[in-house]
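Engineer: Take a look at the following structure, please.
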Amino acid sequence: MQQLNPSEISEIIKQRIEKSNVAAQARNEGTVVSVSDGIVRIYGLADVMYGEMIEFPGGIFGMALNLEQDSVGAVVLGNYLGLTEGMSAKCTGRILEVPVGPELLGRVVDALGNPIDGKGPINAQATDAVEKVAPGVIWRKSVDQPVQTGYKSVDAMIPVGRGQRELIIGDRQIGKTALAIDAIINQKNSGIRCVYVAIGQKQSTIANVVRKLEEHGALQNTIVVAASASESAALQYLAPYAGCTMGEYFRDRGEDALIVYDDLSKQAVAYRQISLLLRRPPGREAYPGDVFYLHSRLLERASRVSEEYVEKFTNGAVTGKTGSLTALPIIETQAGDVSAFVPTNVISITDGQIFLESAMFNAGIRPAVNAGISVSRVGGAAQTKIVKKLSGGIRTALAQYRELAAFAQFASDLDEATRKQLEHGQRVTELMKQKQYAPMSIADMSLSLYAAERGYLADVEVAKVGAFEQALIAFFNREFADLMARINVKGDFNDEIDAGLKAGIEKFKATQSW
């Protein structure tokens, strides 16, 4: 046998190394090291990217969320009970996508877009990424078209525009979902497509919402995305992004859409659970450091986009049309504490908030909208002209009434002006009450506001204000149908409409005693 000296040995090793193709070795396969609480640790997968889909045996998928030096932390989408240590895991090279398009309207789907309503498969023609970058500043347009919620208190004092993010915030069981559902019901003839995302709710509650939408003819215009309380934290975390992608389909094609997130507090809790299981360091209230980004990247996707954006997106197929996605996120507070971590985050991200107060709700004022701390930062420019003109004194009357009511408890005798202000405030408060599932048209709303603004309620008993309003609206829709139709179509306020409303109310009061 030939003897090799050390220099020859090193030369042979160098040649062998040069000939071997290390780069061609597979780096996109790994081994499951541990499985617990829906979190999988995988050794290997050197080429995996953040947010990439990982495939396990048996058609189970996960999503890579933690990329560490020698392992990957992934969250399993769906049932993880079939996964065991030692199983193989593969990179797919794809990010999570959900079906989009008009085929989803009228259906109930889970966070991955699979139908769960028993009505058969959905033959969607397209899919789109769940996580997308929001449109840039250059592609956006200012909010100047209204979204009518059908609630007097909201449309008059806290108007919502197309492309706005308006937060609905309040304690549990106070009417937050009811307000959002009524806003969806009111869009059935407006051309605005709706998406309702239920996060961490009871399945009975979701079924009730779907039934109510169907009863009022609004389900055919709505996509319901449901990640109920029994679903994994991963699906509750992903559901809002999936719903947003489905809504963006309409926005990007020059249509208008409305999305309700019910509610983002539960999404934050699900994300906190995932982050703690992934051993990320906890911060305030044990939430991870990026919980603000969790909501900001979601809510920034709601926007009004320009004609150029729509034209560029559709390759010239749609021209001269703007698109919008309006968001109504819901946040649940604990004992009215709006200064907690998640509520303050979402208040700072959104363009205003509708604050519902439990004291008002318990006093029978429903919707329990607190006009004092509720605000719409951009909706004023989008408000219908007639409603804007007639609602100017409503917020002031309510604010003054609340201040005087507190003061009047201590004062024994009040002067005439103060007494009149108090009585006017009581009547306006009564007028702002509205039943659930009874959204109002612009004309009906304008008539109520006109009666309050011009002092026609002054001689009506406080207890009879609601009945007076209903009788007045019924009278106008019967006797002055043309005027009401004109207000609904145009939404303008001029001397002719002013005179018509005045003459009609005077005729009503002359023929009926209140």
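Every residue, even glycine, has its Cβ placed from backbone N, Cα and C.
The following feature annotations were taken from Swiss-Prot:
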BINDING   G170, D171, R172, Q173, I174, G175, K176, T177  ATP binding site
SITE      S374  site 'Required for activity'
Engineer: Applying the rule Cβ within 8 Å of the centroid of the Cβ atoms of G170, D171, R172, Q173, I174, G175, K176, T177, what extra residues of the same chain belong around the ATP site?
Structural biologist: E332, L356, S358, F361
Engineer: Given the recorded positions Q173, T177, S374, which one's Cβ is surrounded by the fewest other Cβ atoms within 10 Å?
Structural biologist: Q173
Engineer: If you draw a 10 Å sphere around the Cβ of G170 (ATP binding site), how many other Cβ atoms fall inside it, taking every protein chain shown into account?
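Structural biologist: Excluding its own Cβ, G170 (ATP binding site) sees 27 Cβ atoms within 10 Å.
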Engineer: Relative to the Cβ position of R172 (ATP binding site), how many further Cβ atoms are located within 10 Å?
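Structural biologist: Around R172 (ATP binding site), other Cβ atoms within 10 Å: 11.
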Engineer: Please report how many Å separate the Cα atom of R172 (ATP binding site) from that of S374 (site 'Required for activity'), as a whole number.
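Structural biologist: Taking the Cα atoms only, R172 (ATP binding site) lies 18 Å from S374 (site 'Required for activity').
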Engineer: What does DSSP assign K176 (ATP binding site), in three states?
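Structural biologist: Going by the DSSP assignment, K176 (ATP binding site) falls within a helical segment, counted as helix.
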Engineer: Pop the Cα-Cα gap between S374 (site 'Required for activity') and K176 (ATP binding site) into the table, whole Å please.
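Structural biologist: That separation, Cα to Cα, works out to 14 Å.
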Engineer: Run through the Cβ atoms and count how many others sit within 10 Å of the one on I174 (ATP binding site).
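Structural biologist: Taking all protein chains shown, I174 (ATP binding site) has 23 Cβ neighbours within 10 Å.
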Engineer: When you measure from the Cβ of K176 (ATP binding site), how many other Cβ atoms are you left with inside 10 Å?
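Structural biologist: I count 25 other Cβ atoms within 10 Å of it.
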Engineer: Using DSSP, would you call G170 (ATP binding site) helix, strand or coil?
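Structural biologist: Its secondary structure by DSSP: strand.
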Engineer: What whole-number Å value do you get for the CA-CA distance of G175 (ATP binding site) and S374 (site 'Required for activity')?
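Structural biologist: About 15 Å separate the Cα atoms of these two residues.
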Engineer: Would you kindly give the Cα-Cα distance separating S374 (site 'Required for activity') and G170 (ATP binding site), rounded to the nearest Å?
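Structural biologist: Between the alpha carbons of G170 (ATP binding site) and S374 (site 'Required for activity') there are 11 Å.
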Engineer: Give the number of CB atoms, excluding that of G175 (ATP binding site) itself, located within 10 Å of its CB.
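Structural biologist: Excluding its own Cβ, the number within 10 Å is 19.
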